[in-house]
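Noted in Swiss-Prot for the protein shown:
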type	residues	note
BINDING	His156, Cys197, His202, Gln208	Cu cation binding site
DISULFID	Cys169-Cys203	disulfide bond
DOMAIN	25-56	domain 'Phytocyanin 1'
DOMAIN	57-102	domain 'Phytocyanin 2'
DOMAIN	116-216	domain 'Phytocyanin 3'
CARBOHYD	Asn47	N-linked glycosylation site
CARBOHYD	Asn162	N-linked glycosylation site
TRANSMEM	245-265	transmembrane segment
Amino acid sequence: MAYSKILFCFMIGFVGFLPAITMATQYLVGDDRGWTLDFDYQTWAKNKTFKVGDTLAPPPSEGLTSGYDVITLTKPGKKWYICGVPTHCSDYNQKLVITVEDGAPAPAPASPAPQTEYWVGDDKGWTIDVDYQAWAKGKTFKVGDTLVFKYTKGHHNVFKVNQTGFQNCIAPPPSEGLTSGHDVITLAAPGKKWYICGFPTHCSEHKQKLAITVEGAPAQTPPVWAPAPAPGTPKKIDTGNSYKITSPYKMFVGGAVSIWTILTLV
């Protein structure tokens, strides 16, 4: 009975370790062939994805001569390894080059800034004898917003003009006008914008014209992501995978709880 209690407490302590463990990959260089002569290590590395935190075992590196050397890939980028025994690299191709990817997750794209669609004149639309400056007052136009000019086709049109054309009601050539009856203009740049109707007297006598100031686009919401965990010390196992401990403090607490519980029950 006491043995069953001890085993149960051990399992509780082991479960306490699990939140502190994350999965990494341990690559046995050359698989069953290992690190040796006359082996195509580039073919072996092809299609493998090496990430920060993974390990190579046993790869060659300066000062590693144990026969089971483990290197943790701590930084992204190109990595090169060779055997330093004479002729092993030059004559027998005992060398390896890999590309290590960043283990941090890619940040989510920034949320696009909200855009506003303005129907010029609201329910009155684009027509004569409407005070469009009063309509525009109090509105904040930003880059990316749109203006919708709604009117009866053939009765009005829309021209974008400069300040002089706006003040004197001078319309550009007819080919530059918008005439669909439902003209949508995207505000692509900040600054002053002027629009008029090109029909005779509509601008000069009936005030069918609009001037607005467009502000720069609002700042986008920056992406938020958690930083990648710092690579820990891998534990070598035979399956080709390894566990890396991300929090020694959690391990200590889990072990202390297990020991305390066992001593209480014995």
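Backbone N, Cα and C define each Cβ position, glycine as well.
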Counts by DSSP class (helix H/G/I, strand E/B, coil) across the domain 'Phytocyanin 1' (25-56): 8 helix, 8 strand, 16 coil
Listed in sequence order, residues with CB under 8 A of Cys203 (disulfide bond) and six or more positions away: Cys169, Ala171, Ile196, Cys197, Lys209
Proximal residue to Asn162 (N-linked glycosylation site) among binding-site residues His156, His202, Gln208 (C-alpha distance): Gln208
Secondary structure tally of the domain 'Phytocyanin 3' (116-216) (DSSP, helix then strand then coil): 17 helix, 35 strand, 49 coil
Separation of alpha carbons, Asn47 (N-linked glycosylation site) and His156 (Cu cation binding site) (Å): 64
Recorded positions: Asn47, Asn162, Gln208 - member with fewest neighbouring CB atoms within 10 Å: Asn47
Residue, out of the recorded positions Cys169, Cys197, whose Cβ gathers the largest set of other Cβ atoms within 10 Å: Cys197
Number of Cβ atoms other than its own within 10 Å, given for His202 (Cu cation binding site): 22
Confidence summary (mean pLDDT) of the domain 'Phytocyanin 3' (116-216): 96
Between Asn47 (N-linked glycosylation site) and His202 (Cu cation binding site), the C-alpha gap once rounded to whole angstrom: 69
